[in-house]
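*Asks:* Annotations for this protein, taken from TrEMBL, read as follows:
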type: ACT_SITE; residues: 285; note: active site
type: ACT_SITE; residues: 360; note: active site
type: BINDING; residues: 273, 278, 296, 358; note: Mn(2+) 2 binding site
type: BINDING; residues: 278, 356, 358; note: Mn(2+) 1 binding site
type: COMPBIAS; residues: 521-531; note: compositional bias 'Basic residues'
type: DOMAIN; residues: 354-361; note: domain 'Cytosol aminopeptidase'
type: REGION; residues: 149-168; note: region 'Disordered'
type: REGION; residues: 506-531; note: region 'Disordered'
Ligand code: BES
Ligand code: MN
Ligand code: ZN
């Protein structure tokens, strides 16, 4: 979609659909913002009258659509509710802009004019509008014959964002617009990867997508096959992949800053779960649960999407690595079995008690591998447990980790990106759940505290590195259309990762000298205090 920014005067803005977001109380009396007052007087005061009559009060989720019958440069006007101004967050506007985009699509409108509301956060608000619109126009209909025949049909193509009265265009606002567009495009790209069926997005195809992303964003890409996985002694990853006829792929993307000094800083490591289909293996899933399991690579899609923006736009002054182990989890004559004992890359042995707890096995080896690159922190994204969905539902990510500062920095980034996350504990009280009689641990414990048990398992492969585990089993898929979300893949987590990297980049900028081997130093300090 094409976006342009125009300065904030009351002049008409071209676009078939004029969108005016409003806070509660702004519809009536003198509180009306200038763009609403202008549109209303062109319609002889009938816009506000009709909206009032229809019960529109600018509450969150409310909207009101009116045809202007040629009285305005825009064919239709859409009022969007933003709710209480005191409770405003850019996410409210992102969701509202998403609804506007969906309305425009239904009306077969190709251009819209969007009146950016006046707030004290112009950059965040412009970015939220751009993201909401671009995410909102997303559709996944390439396998519908009707949609294919309909190819020539209009799709929302351009949006003109009119700044609030009195505010001028600026470099900062252009940057905010561009970042929002790049983030939303990357999220839509991730959504495509997740929505594509599992016979299309195989581990090999996922690796190709990673390679393409790397090429676009100037990243280095190393892709390995079964041989490489064997060479690296990733016994848990191998265990999961042996039942599948699809070749596994080991994916390593690296962003390196141009400045040689920056390139020497400790990297940030991102790890994403990439089970392109999770049948459960021999511990087979029931049919109802299985049909959604193409989603089981959503963590890696979000990591790849974030890498696109990190390399292409954010370009932080420290390296960022992505580690992804892609494979299927299938039942077959060669599949791993309950009772098998696997040896992890770290040397730990794991008794398999449930082949459906496969994600933690692949991720465990990925975390070990990531840790060997001495990162400043590791963030993993995984559709890991149904238990986390039971706890937090379809829209909230579960966040785990022992390092308060790092966990809080992720939660803060999520808040600012408009993704809801909630910290859950990793308590040693649950540790008995993973105790095995025959090996160092078992891969699946008792049912209670299932999301915590999975996080505890991962923790065994992290060591002392600051680490945050994000369980996105719920939010990776939306059960219905909501705001800028469609039913289906959401791209959950990508926006938070981008925001986190931006924040860490800003932190580095205030303390420019890279310390020698910061992780080793931190490890030594931690070891000292532990003794
Ligand atoms: N991929 C699933 C988790 C999942 C469930 C993702 C629902 C998205 C939606 C994971 O591999 C799994 O099967 N987890 C098991 C763990 C259990 C066997 C310990 C689960 O949650 O039931
Ligand atoms: Mn599973
Ligand atoms: Zn899984």
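Here the Cβ of each residue, glycine as well, is placed from N, Cα and C on the backbone.
Annotations in TrEMBL come from automatic prediction, not curation.
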*Asks:* Where ligand 1 binds, which of the recorded positions 273, 278, 285, 356, 360 are close by, with Cβ under 6 Å?
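*Replies:* Near the molecule: 278, 356.
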*Asks:* Using DSSP with the three-state reduction, classify residue 278 (Mn(2+) 2 binding site) as helix, strand or coil.
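*Replies:* The residue in question, residue 278 (Mn(2+) 2 binding site), is strand (DSSP, three-state).
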*Asks:* Can you give me the residues near the recorded Mn(2+) 2 site, meaning same chain, not 273, 278, 296, 358 themselves, Cβ no more than 8 Å from the center of the site's Cβ atoms?
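*Replies:* These residues sit around the Mn(2+) 2 site: 274, 275, 293, 297, 329, 359, 362, 382, 383.
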*Asks:* Say you check the Cα of residue 273 (Mn(2+) 2 binding site) against those of the recorded positions 285, 356, 360; which is nearest?
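*Replies:* So, spelling it out, the nearest of the recorded positions is 360.
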*Asks:* Looking at the binding-site residues 273, 278, 296, 356, 358, which have a C-beta within less than 6 Å of some atom in ligand 2?
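*Replies:* If the test is a Cβ under 6 Å from any atom of ligand 2, the answer is 278, 356, 358.
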*Asks:* Which of these binding-site residues has the least crowded Cβ, counting other Cβ atoms within 10 Å: 296, 356, 358?
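*Replies:* Counting other Cβ atoms within 10 Å of each of the binding-site residues 296, 356, 358 gives the minimum at 356.
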*Asks:* DSSP on residue 358 (Mn(2+) 2 binding site), three-state: which is it?
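*Replies:* Assignment for residue 358 (Mn(2+) 2 binding site) reads coil.
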*Asks:* Near ligand 3, which of the recorded positions 273, 285, 356, 360 have CB less than 6 Å from any of its atoms?
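*Replies:* Within range of ligand 3: none.
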*Asks:* Using a 10 Å cut-off on CB atoms, tell me which of the recorded positions 273, 285, 360 is the least crowded.
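*Replies:* Output over recorded positions 273, 285, 360: least Cβ neighbours within 10 Å is 285.
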*Asks:* Note down the number of other Cβ atoms within 10 Å of the Cβ of residue 278 (Mn(2+) 2 binding site), including every protein chain shown.
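*Replies:* By my count, 25.
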